[in-house]
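Colleague: Supplied in structure tokens, the structure appears directly below.
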Amino acid sequence: MLKLKFCIVISFLILGSACSAIPSSGPSAKKVVSLGQQSEAQIPEVELIDVNHAVAQSLYKAQVNQSFTQFGDGYASTGTLNIGDVLDIMIWEAPPAVLFGGGLSSMGSGSAQQTKLPEQLVTARGTVSVPFVGDISVVGKTPGQVQEIIKGRLKKMANQPQVMVRLVQNNAANVSVIRAGNSVRMPLTAAGERVLDAVAAVGGSTANVQDTNVQLTRGNVVRTVALEDLVANPRQNILLRRGDVVTMITNPYTFTSMGAVGRTQEIGFSARGLSLSEAIGRMGGLQDRRSDARGVFVFRYTPLVELPAERQDKWIAQGYGSEAEIPTVYRVNMADAHSLFSMQRFPVKNKDVLYVSNAPLAEVQKFLSFVFSPVTSGANSINNLTN
């Protein structure tokens with residue numbers, strides 16, 4: 001009888017503190033959901049969104065919209081000259097040479113006198129200067145058209161002049177290609193350079209193809225596509241335009257798994273993307289004895305413009321700008337069979353946190369184990385001492 005009373009006293013002492021002392025790998029599903037139900041005085045606020053087919057499809061479409069085909073095609077260079085281009089001008093004059101008999105860079109070429117002018121930079125006014133001819137407007141003209149203009153003006157002064165004009169440095173129609181350790185300005189030619197030509201111009205990627213993104217900036221619009229998709233889909237390999245910026249990004253993507261899963265870890269995935277169902281598979285799935293299938297959450301910062309319109313209005317009314325990133329929790333109920341379809345469309349993003357809460361019954365079992373294990377151990381010790 002004395003032993004029983006002693007055990008009961010110990011049980012109640014432990015019970016008083018056990019609720020807050022039970023170890024846990026994270027918050028319960030109820031606590032996570034309460035984040036989206038805070039009063040206005042509680043900051044920062046959190047957007048809580050239940051994942052269904054409509055939500056997953058909206059996020060999937062936003063990801064698919066990252067496509068170079070939206071830019072429309074570029075165009076092959078027409079070979080016309082523009083401000084900043086550098087020209088090489090050669091002039092031949094039949095004997096007897098009247099204008100170019102000597103000086104500058106002259107040499108005999110058979111019976112004709114050849115003169116090479118210093119390289120000519122197309123000025124901000126769009127002109128180049130030629131001796132005895134003066135300033136010539138060249139912007140929008142091809143080298144062939146420019147040489148005919150020079151030849152025509154020299155005919156009245158030189159003896160049977162012949163002219164050749166070459167574009168030696170294309171500074172006006174080019175594309176900037178940026179990669180870690182190697183960046184170039186690639187001139188556009190009449191051949192029509194494409195995105196993969198820009199990738200090749202810097203020697204390709206320094207990382208694995210699956211870990212590389214290609215970002216194209218045209219004006220104020222930026223789109224990013226996985227290099228793997230760019231190679232596999234010729235429609236993405238569009239013609240480039242003057243002023244485009246092609247950037248190669250080689251940082252691999254990662255997400256973090258936490259809670260009632262195999263183990264807490266950071267998991268990498270390719271730039272091509274990953275669905276939520278694939279992510280859960282990579283982290284070893286949910287633990288049968290611990291996890292709450294109704295408490296699967298994705299934590300991320302979501303750009304305001306990606307939220308549903310009615311939710312955007314709520315945040316804008318609170319003073320958030322269009323560039324703001326909103327702390328967002330997406331809740332998935334894996335106990336609902338329909339969620340298995342939604343998860344195949346729900347895209348995981350870089351730096352996401354996937355958290356699986358403990359099931360309520362698992363918490364009860366943990367509590368009972370926490371309470372009665374020391375009591376049982378204590379009772380056994382008393383029995384041993386009594387004996």
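Using N, Cα and C of the backbone, Cβ positions are placed for all residues, glycine too.
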Colleague: In Swiss-Prot, which of the ranges 40-49, 80-89, 220-229 has the transmembrane segment annotation?
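Modeller: Residues 80-89 are the ones Swiss-Prot records as transmembrane segment.
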Colleague: With Swiss-Prot as the source, which of 145-154, 205-214, 305-314, 375-384 is set down as transmembrane segment?
Modeller: 145-154
Colleague: Which one of these stretches, 158-167, 238-247, shows up in Swiss-Prot as transmembrane segment?
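Modeller: Within the set 158-167, 238-247, Swiss-Prot attaches transmembrane segment to 158-167.
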